[in-house]
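Trainee: Pasting the relevant annotations from TrEMBL:
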type	residues	note
BINDING	97, 98, 129, 217, 218, 219, 220, 275	pyridoxal 5'-phosphate binding site
BINDING	132, 274	N(2)-acetyl-L-ornithine binding site
MOD_RES	246	N6-(pyridoxal phosphate)lysine
Ligand SMILES: *Cc1c(COP(=O)(O)O)cnc(C)c1O
């Protein structure tokens, strides 16, 4: 078989998996691997979780789709759970992260429009990643994903991530035109970059003082990844708008945009929509994911194993000539290298049986499922050490 019929957008590793269970994947030759990528922060409760398997099969036998022209019970249940966990008040469901961010950006447009701002601006961050649609591409800051897609939308003003003074400077420069700040609590694609402690709190305060919306993209950090339901909970704040996707469906496509009631109210019947968004299957799986994280204590496990992983990596890689910095929050861990190392992911998989990811060419990104145990942590550490050589 060749990939000649597929558009050439990815360069996949020569590995193909046929089965998964928990934190393990089996390839088509029967060999198994420890999965420290989780489909890029998606399969947070592990592969083939029995509760998810029965939710999907039961719902498939009942009803998959009716459209949003009818009331969807599972959608209401998932919205109720998400609002209870986050402190936000209303939800719109999409099918992906980029779409959820488009929903958030449309709310920001409406917010500006309601205030009579004709040319609204949104502050975004250097090294941000918000998706691949034309709108979210404009809000992102990654040369490779934007190359050739000009013109970018002019409504975004970029500031350095983690720099409160830069936000205040932009406020002086652009004044009344700014309607929102959009950011990731921890930048994922940008290299697992954490802002200084207190930054999100300061952004929250500045947004409140200036009447700007604080839009948090928790697509990668949400659903327990950092050891809390949502990363903003580490700083005791609540944003005005938050987007989710990735782990919310554990592999079933779903996205969500949550907002405070005052902001959500800007949508009225007909002003936004989605054919698939919020269908019974995806929402039932979303409910099941939240039940698993809650009832199986995965927030505590992610926090504890995340600390262990960070500490063990720092110990095992102390003084390594290629390692610049090791950082992380919960089970979102980055190892920044001084140079790109060729075939690192393939070496880790083939020689050490552990799947890892590299972002921005030179930062190893570890995103294991939230269910890993101490032995898994040791396997990840020895694979990383072994692959780095
Ligand atoms: C993955 C990701 C997106 C895009 O999600 P898609 O489902 O691929 O559209 C947006 N923002 C962040 C922070 C992400 O990690």
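Glycine is no exception: its Cβ is also placed from the backbone N, Cα and C atoms.
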Trainee: Going by DSSP, is residue 97 (pyridoxal 5'-phosphate binding site) part of a helix, a strand, or coil?
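Mentor: It is helical.
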Trainee: When the Cβ positions of the binding-site residues 218, 219, 274, 275 are compared with the atoms of ligand 1, which fall under 6 Å?
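Mentor: Those binding-site residues that pass the cut-off, since their Cβ is under 6 Å from ligand 1, are 219.
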Trainee: Between the binding-site residues 98, 219, where is the Cβ count within 10 Å the lowest?
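Mentor: Selected from the binding-site residues 98, 219 on minimum Cβ neighbours within 10 Å: 98.
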Trainee: Rounded to the nearest angstrom, how far is the Cα of residue 132 (N(2)-acetyl-L-ornithine binding site) from the Cα of residue 97 (pyridoxal 5'-phosphate binding site)?
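Mentor: Approximately 9 Å lies between the Cα of residue 97 (pyridoxal 5'-phosphate binding site) and that of residue 132 (N(2)-acetyl-L-ornithine binding site).
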Trainee: Within its own chain, what residues at least 6 apart in sequence put their Cβ under 8 Å from the Cβ of residue 275 (pyridoxal 5'-phosphate binding site), listed in sequence order?
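Mentor: In sequence order, 67, 68 meet the Cβ cut-off.
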Trainee: Between the Cα atoms of the residue listed as 'N6-(pyridoxal phosphate)lysine' and residue 129 (pyridoxal 5'-phosphate binding site), find the distance and write it as a whole number of Å.
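Mentor: Taking the Cα atoms only, the residue listed as 'N6-(pyridoxal phosphate)lysine' lies 14 Å from residue 129 (pyridoxal 5'-phosphate binding site).
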Trainee: Reported as an integer number of Å, what is the Cα distance between residue 217 (pyridoxal 5'-phosphate binding site) and residue 132 (N(2)-acetyl-L-ornithine binding site)?
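Mentor: Distance (Cα to Cα, whole Å): 14 Å.
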Trainee: What residues, ordered by sequence, lie under 8 A Cβ-to-Cβ from residue 129 (pyridoxal 5'-phosphate binding site) and sit at least six positions away in the same chain?
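Mentor: When sequence neighbours closer than 6 are ignored, residue 129 (pyridoxal 5'-phosphate binding site) has 140, 141, 142, 145, 184, 187, 188, 189, 190 within Cβ distance under 8 Å.
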Trainee: Would you pick out, from the binding-site residues 220, 274, the residue whose Cβ has the largest number of other Cβ atoms within 10 Å?
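Mentor: Counting every other Cβ within 10 Å of each candidate, the maximum falls on 220.
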Trainee: Test of understanding: give the count of other CB atoms lying within 10 angstroms of the CB of residue 132 (N(2)-acetyl-L-ornithine binding site).
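Mentor: Taking all protein chains shown, residue 132 (N(2)-acetyl-L-ornithine binding site) has 16 Cβ neighbours within 10 Å.
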Trainee: Say you check the Cα of residue 132 (N(2)-acetyl-L-ornithine binding site) against those of the binding-site residues 98, 218, 219, 220; which is nearest?
Mentor: 98
